[in-house]
Amino acid sequence: MTVTYDENAAAPADPSDSLFARACRGERTSRPPVWFMRQAGRSLPEYRRLREGVPMLESCTRPDMVTEITLQPVRRYGVDAAIFYSDIVVPLRAVGVDVDVKPGVGPVLGRPIRSRADLDLLRPLEPGEVSFVDEAVRALVGELGGTPLIGFAGAPFTLASYLVEGGPSKHHEVTKALMHSDPELWHELLSRVAGISAMFLDVQVRAGASAVQLFDSWAGALSAADYAKYVHPHSAEVLDSVIDVPRIHFGVGTSEFLPLMASAGADVVGVDWRLPLDEAALRVPGKPLQGNLDPALLGADWPVVEREVHRIVAEGRRAPAHIFNLGHGVLPATDPGVLARVVETVQAAGGAGVAGAAAGA
Ligand SMILES: Cc1c2[nH]c(c1CCC(=O)O)Cc1[nH]c(c(CCC(=O)O)c1C)Cc1[nH]c(c(CCC(=O)O)c1C)Cc1[nH]c(c(C)c1CCC(=O)O)C2
């Protein structure tokens, strides 16, 4: 026994040596790194206190608030990565789109974008228009030390759905009608949104983010054929533009076209709770996977949650590498105590302390 590297010991000083970064590169780790989508936010009392009286999108423009909110779950849970606190519509608002986030609803537009004339509203994002992002990322990278910071953006389809529908939509019917009736307008719209998302990621990466995640939360509303034709090229444009850091590509309900999500340019493929990770590993061979505990199950009795965590850790071993996460974001009513126990359980999995041999390091 010469290997002494303990993966549960204090994080290494360089985020690129972290367990999370190694898993992103496809290295097999002794236990999965763990973080949660929406780990910052309403499930945390300290978040609710800090946000009191400050509108969501305003909080995103205040680097002191962004920094504190991003750090809150890292302190509380000891997760293996931080995710930058912001929102997918922040860069849209920065270019002048009249969008707000309504509590309990989501992003809502003053006026939906549906015609060629409306496209003028979607001009390219200048980095200076989101200087508050640059500032907050730099502050965070300093505070986080060896813990990696994940930057993110909304994928073109998910953002376009909000823009075209004017708000959250169950069936995305106006969006789909536009996509099929006027493909030329559709592609121009997605290409503009892709440029904005790519620049939003670029700002975060240049400021020091260690990885990025592209969220295509509503892509699962599409058929594989429509995804391939109308969306894939634009998501690929965003992912291809990212330099030097790992790219996680996540969608909800996208199990039927997981290989397309991978081929759009993902280093890591995010999987929701519908598809077991061992099955996902067969669909995207060679790709590290991220996921996939059903966030709704966090409300079940602890033995249920614990069994699910163990199942997911075991199934994740069928992939080259696994990053433990939920299958979608933390729900606001989630008990933070349960998330803390999930982190503990994942971090104790896989023979903590005897990391080297199992990690094949
Ligand atoms: C679709 C989407 C949005 N925003 C986002 C997505 C993609 C991920 C997903 O599918 O969940 C991305 C997002 N939004 C937020 C983050 C921060 C980082 C994190 O994950 O912790 C991230 C990564 C903060 C937020 N974004 C939002 C909150 C809640 C705001 C509040 O405190 O009221 C947070 C913490 C608001 C928001 N913004 C959006 C919705 C649907 C909502 C919820 C509206 C509601 O139910 O009140 C759009």
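Just so it is clear, glycine is given a Cβ too, placed from its N, Cα and C backbone atoms.
TrEMBL annotations: computationally assigned, not manually curated.
Per TrEMBL, these features apply:
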- Arg38, Gln39, Ala40, Gly41, Arg42, Asp87, Tyr162, Ser217, His328: substrate binding site (BINDING)
- 33-42: domain 'Uroporphyrinogen decarboxylase (URO-D)' (DOMAIN)
- 150-166: domain 'Uroporphyrinogen decarboxylase (URO-D)' (DOMAIN)
- Asp87: site 'Transition state stabilizer' (SITE)
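Where TrEMBL records a feature, it is marked here on the structure.
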residue : record                             : Cβ contacts under 8 Å, 6 or more apart
Arg38   : substrate binding site             : Gly329, Val330
Ala40   : substrate binding site             : Tyr47, Ile69, Thr70, Gln72, Pro73, Ile83, Tyr85
Arg42   : substrate binding site             : Arg48, Pro332
Asp87   : site 'Transition state stabilizer' : Met56, Leu57, Cys60, Val101, Pro107
Tyr162  : substrate binding site             : Val89, Val99, Gly106, Pro107, Leu109, Pro168
His328  : substrate binding site             : Met37, Ser217, Val252, Asp272, Trp273, Pro295
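Across the domain 'Uroporphyrinogen decarboxylase (URO-D)' (150-166), DSSP assigns 10 helix, 5 strand, 2 coil. The record assigns Arg38, Gln39, Ala40, Gly41, Arg42, Asp87, Tyr162, Ser217, His328 to the substrate site; their largest pairwise CA distance measures 23 Å.
A coil conformation is recorded for His328 (substrate binding site) in the three-state DSSP classification, outside any helix or strand.
Following the DSSP three-state reduction, the secondary structure of Asp87 (site 'Transition state stabilizer') is coil.
Mean pLDDT across the domain 'Uroporphyrinogen decarboxylase (URO-D)' (150-166) comes to 98 in this model.
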